[in-house]
Amino acid sequence: MSEAPAVMSAEQLLREAVIRIARSDAEPLLLHALGRDRAWLFAHGRDPVPAEQAQRFGALVERRHQGEPVAYLTGSRGFWTLDLAVSTATLIPRADTETLVELALERLELTAGVRVVDLGTGSGAIALAIASERPQAQLIATDASADALAIARHNAHAHGLHNVECRLGHWLQPLAGERFDLIASNPPYIAAADPHLQQGDLRYEPASALASGSDGLDDIRLIVADTPAHLLAGGWLLLEHGWDQGEAVAALLIARGFAAVATHQDLEQRDRVTLGQWPHAAG
């Protein structure tokens with residue numbers, strides 16, 4: 001008879017896993033395999049883990065070792081104060097984008113009827129974060145991917161955010177004839193030939209949400225050109241971009257007629273969001 005595999009505790013499983021992957025990756029994968037939270041791990045880390053769950057964890061570790069993003073393996077990612085479902089149809093929300101949310105909130109009055117758009121919403125991260133902090137605002141989240149929009153709708157429902165409407169379409173197409181107080185977007189902004197697209201987590205994320213032409217600015221140009229027709233006088237456009245694109249994006253906004261154009265840095269002190277205010281009553 002062959003010997004049964006040794007029963008291991010959660011702590012032992014983690015110690016073995018960190019030989020292959022980072023502990024910061026191993027821990028959420030273990031909790032996902034166990035269906036537990038961090039408080040349980042702290043209290044029960046020495047408890048034996050059933051073989052089936054240990055095997056599931058081992059398979060997740062192997063997939064992470066091969067490069068799959070933790071967020072896709074667990075199906076979720078924390079953003080702002082929200083736990084969001086994600087899939088391979090959506091970009092993985094990142095902490096850098098919280099800079100855009102903070103800047104948007106600073107520019108939204110605490111009054112009923114404020115209208116906000118999140119272009120290319122993906123998982124809904126930007127729209128839902130704003131909606132959670134400004135329940136009196138009306139949010140519209142657009143995306144060209146029906147699969148991504150289904151994830152955004154799921155997340156809105158899961159968090160009880162009923163002030164968010166999801167619309168299918170490319171950038172501003174679903175907004176014909178409407179004007180808003182603020183439009184925000186984290187569009188694709190990586191150059192199509194950038195080697196980083198073939199490295200790390202980016203290999204697994206949807207290319208349509210990452211790359212945008214030879215200089216990474218094709219989609220930003222489209223948004224800047226078309227947004228004024230959808231802004232109220234004094235309305236704001238906020239765009240996330242790459243660390244080295246601040247000057248170029250600011251120049252596009254200024255050339256289009258935006259005022260109060262400024263570039264803001266993320267938590268790593270890198271240029272990350274450029275914004276401008278539309279001063280006119282018509283686009």
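Placed from the backbone N, Cα and C atoms, the Cβ positions cover glycine too.
Look at Swiss-Prot and you will find GLY120, THR121, GLY122, SER123, GLY124, ASP143, TRP171, ASN186 tagged as S-adenosyl-L-methionine binding site, backed by sequence analysis. Under the heading substrate binding site, Swiss-Prot lists ASN186, PRO187, PRO188, TYR189, citing sequence analysis as support.
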What other residues of the same chain, not counting ASN186, PRO187, PRO188, TYR189, have a CB atom within 8 A of the CB centroid of the substrate site? GLY120, SER185, ILE190, ALA209, LEU210, SER212, ASP219, ILE220, LEU239, GLU240, HIS241
Determine, to the nearest whole angstrom, how far the Cα atom of TRP171 (S-adenosyl-L-methionine binding site) is from the Cα atom of PRO187 (substrate binding site). 9
Listed in sequence order, residues with CB under 8 A of SER123 (S-adenosyl-L-methionine binding site) and six or more positions away: ARG77, PHE79, LEU84, ALA85, VAL86, THR90, LEU91, PRO93, ALA148, ILE151, ALA152, ASN155
PRO187, PRO188, TYR189 screened against GLY124 (S-adenosyl-L-methionine binding site), Cα within 10 Å - retained binding-site residues: none
In whole Å, note down how far the CA of GLY120 (S-adenosyl-L-methionine binding site) lies from the CA of PRO188 (substrate binding site). 9
For TYR189 (substrate binding site), the one of GLY120, THR121, GLY122 that lies nearest, given that the binding-site residues are compared by Cα: GLY120
Please identify, among the binding-site residues GLY120, THR121, GLY122, ASP143, the one with the smallest Cα-Cα distance to PRO187 (substrate binding site). GLY120
Listed binding-site residues (GLY122, PRO187, PRO188), ranked by Cβ neighbours within 10 Å, top entry: GLY122
Other than its own, how many Cβ atoms are within 10 Å of the Cβ belonging to GLY120 (S-adenosyl-L-methionine binding site)? 23
Close in space, distant in sequence - ASP143 (S-adenosyl-L-methionine binding site), Cβ under 8 Å, 6 or more apart: GLY120, THR121, GLY122, LEU149, ALA152, CYS166, LEU168, GLY169
List, in sequence order, the same-chain residues at least six positions removed whose CB sits under 8 Å from that of ASN186 (S-adenosyl-L-methionine binding site)? LEU91, THR97, LEU100, GLY120, GLY122, ALA125, ILE126, GLU240
Using only the residues recorded as binding S-adenosyl-L-methionine (GLY120, THR121, GLY122, SER123, GLY124, ASP143, TRP171, ASN186), report the maximum Cα-Cα distance in Å, whole number please. 15
